[in-house]
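Right, one structure below, let's go through it.
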Amino acid sequence: MSSEEDKITRISIEPEKQTLLDHHTEKHFTAGEIVRDIIIGVSDGLTVPFALAAGLSGANASSSIVLTAGIAEVAAGAISMGLGGYLAAKSEEDHYAREMKREQEEIVAVPETEAAEVAEILAQYGIEPHEYSPVVNALRKNPQAWLDFMMRFELGLEKPDPKRALQSAFTIAIAYVLGGFIPLLPYMLIPHAMDAVVASVVITLFALFIFGYAKGHFTGSKPLRSAFETAFIGAIASAAAFCLAKVVQH
């Protein structure tokens, strides 16, 4: 909650109730966007270099070639994914600013219509006309609060964090790099690619399983199901790349 919103809340809430709020702490998970970026980065970082390494191993490439190509892919993938996260966040910012300007103009141009929309929104929550009329009138006296209300409850938009774009870019890129080096580790230690690919499969599938379990835990889905699904997708991708390389080679 921003300082401005906190000020509004403290002014409008009775002292006794404000005291209760000040001494009450709710344990909610509030890092959803960061977790989403980590999931995107790690899942792609584990899967894409894993499939590439398996495909090159299937084509009988040496460990040094697989490692070189893998590192190049991790670097390019991290930049690409990070840039994608940055552009997506900037698009959200632009969309919010555009909709806020439009809503602000409507509040000035057609205030009666906008007030009717406030009443309609409140009525959807089972609030009677005699109960929501004071709320509508109070919002009309405070244009900024009125605008915030319409943005949240009519359009369902939350104001983006201005730091979100860079945060998303770096989080996704770093997560991609961390995930991408796991399937490449065996190629750093084992000179024969066909031996390295076996170790890579074991290590990466285990990492995918652990990652899938953690993803399920944080997203609220069934952890074991998420773990098996994530590992299965990685196995399919690497097997397809390996088999395709063998087919092309022959």
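The backbone N, Cα and C atoms fix where each Cβ goes, and this holds for glycine too.
I34 and G216 share a topological domain name in Swiss-Prot and therefore face the same side of the membrane. For the Fe cation 2 site, Swiss-Prot gives E114, E117, M150; the one candidate out of E103, E105, E128, E158 that the record lists there too is E103. Distance between Cα atoms for E114 (Fe cation 1 binding site) and M150 (Fe cation 2 binding site): 8 Å, as a whole number.
Geometry remark: M150 (Fe cation 2 binding site) versus E106 (Fe cation 1 binding site), CA distance 11 Å. Packing against the topological domain 'Vacuolar' (59-64) from elsewhere in the chain are residues 187, 190-194, 196, 245-246, 248-249: each is 6 or more residues past its ends and has a CB under 8 Å from a CB in it.
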